[in-house]
Structure formats: C-alpha cells, structure tokens
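Visitor: Mind looking over this structure? Questions follow.
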Amino acid sequence: GLNDFQKQKIKFTFDFFLDYNKDGSIQWEDFEEMIKRYKEVNKGSLSDADYKSMQASLEDEWRDLKGRADINKDDVVSWEEYLAMWEKTIATCKSVADLPAWCQNRIPFLFKGMDVSGDGIVDLEEFQNYCKNFQLQCADVPAVYNVITDGGKVTFDLNRYKELYYRLLTSPAADAGNTLMGQKP
C-alpha cells in the first residue's frame with residue numbers, strides 16, 4: 001500500500017488538480033471549471049479551436065478517469081475511489097508511460113497553465129505567478145524553482161514537468177516532485 005506521505009500527495013492532486021468546486025468529489029463540472037480557470041490564468045488567450053480541442057480532450061480524460069476509478073458507477077469519483085485507483089496504479093507504475101491515459105493527457109494541459117508565454121519553458125516569473133494564481137503555500141519560490149532546475153542545470157520544459165509530475169504521484173519520499181506543490185523536498 002501507499003505510505004501516509006504518498007497519500008498526502010495523492011490527496012493534493014485530488015484537491016488541487018481535480019476537485020475544482022471543493023465538494024470532496026470529482027465530476028464533470030470540475031472539468032468545466034478547470035477550463036474556466038485556465039482561460040482566466042492565460043488571460044483569455046485560448047482560441048475557439050483550442051477551447052474545443054481542450055474540451056474534447058477533457059471529456060476523454062473524464063471518461064477514462066471515471067472508467068478506472070468510479071467503482072459504484074454513479075458518475076462521481078470520491079476521494080476513496082480515487083485513492084484506491086492510485087494504490088493499484090502505483091503498484092505497477094515504473095515510468096510516465098505507465099500512468100493512466102487520462103493522467104498522461106493532463107500533463108501538457110497543466111504545463112501550459114504554467115507556461116503562459118507559450119515558449120515551452122517555465123521561467124521563475126511564470127512559476128511565481130503559478131504559485132500565486134493557484135494559492136500554493138510556497139514560502140520561498142526562488143528556492144523551489146532552484147530545485148526544479150537543479151541549480152540552473154536543467155530547463156523547466158515539458159519533459160522536466162513530466163518527470164516532476166510522475167515523481168509527485170509515485171515517489172514514496174519527499175523529492176523534487178514536491179516542487180509542483182510549491183514545496184522544497
């Protein structure tokens with residue numbers, strides 16, 4: 001099973017990335033709210049074509065997540081169902097490629113939420129804005145960003161984000177994956 005620290009991180013992903021209306025469960029309405037927030041953070045820069053593409057992608061994500069986690073088939077994924085899905089998934093997950101399809105599809109979307117300039121790299125200012133816009137409790141943003149970039153040796157691009165997101169979900173101990181929660185390891 002998962003240790004308490006892993007459960008805490010999985011709970012963060014549930015609360016922060018999925019349960020947008022904070023009612024303790026995930027349903028389609030949370031995905032709709034996510035699109036609204038994404039548009040706000042990106043200052044309405046989402047074209048109609050991008051919006052339609054994102055909506056279709058999120059509909060696919062919702063179907064996949066629901067199919068994996070909605071044990072009682074009530075069109076709602078509870079925290080308990082979500083945790084049970086991750087306990088099963090993490091037991092066999094060895095890389096980003098082993099993550100559920102809905103989760104892999106979400107990674108570029110989440111990265112774009114940080115990379116508001118669209119240049120493919122999240123700089124310190126974008127990371128600071130991300131922490132502020134999403135109310136992350138981050139006491140020292142530059143220090144956290146320094147962990148993300150390994151002291152400037154690594155570019156904070158989509159591949160780095162994938163690695164950190166995988167570690168956030170699967171690592172049994174505090175490591176660089178914590179930075180996506182605004183925390184140092």
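Cβ atoms are placed via backbone N, Cα and C, with glycine included.
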Visitor: For the Ca(2+) 2 site, Swiss-Prot lists Asp70, Asn72, Asp74; sort out which one of Glu80, Glu81 goes with them.
Guide: Glu81
Visitor: May I ask for the distance between Asp115 (Ca(2+) 3 binding site) and Asp74 (Ca(2+) 2 binding site), taken between their Cα atoms and rounded to an integer number of Å?
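Guide: Counting only the Cα atoms, the answer is 35 Å.
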Visitor: Report, as numbers and ranges, which residues of the same chain sit near the domain 'EF-hand 1' (5-41): CB under 8 Å and 6 or more residues beyond its ends.
Guide: 51, 54-55, 58-59, 61-62, 65, 75-79, 82-83, 86, 90, 106, 109-110, 112-113, 116, 133-134, 168-174, 177-178, 181
Visitor: Among the binding-site residues Asp74, Glu81, whose Cβ has the fewest other Cβ atoms within 10 Å?
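Guide: Sparsest of the binding-site residues Asp74, Glu81 by Cβ contacts within 10 Å: Asp74.
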Visitor: For the recorded Ca(2+) 1 site, enumerate neighbouring residues of the same chain (Cβ within 8 Å of the Cβ centroid of Asp19, Asn21, Asp23, Ser25, Asp30, site residues themselves excluded), in sequence order.
Guide: Leu18, Tyr20, Lys22, Gly24, Ile26, Gln27, Glu29
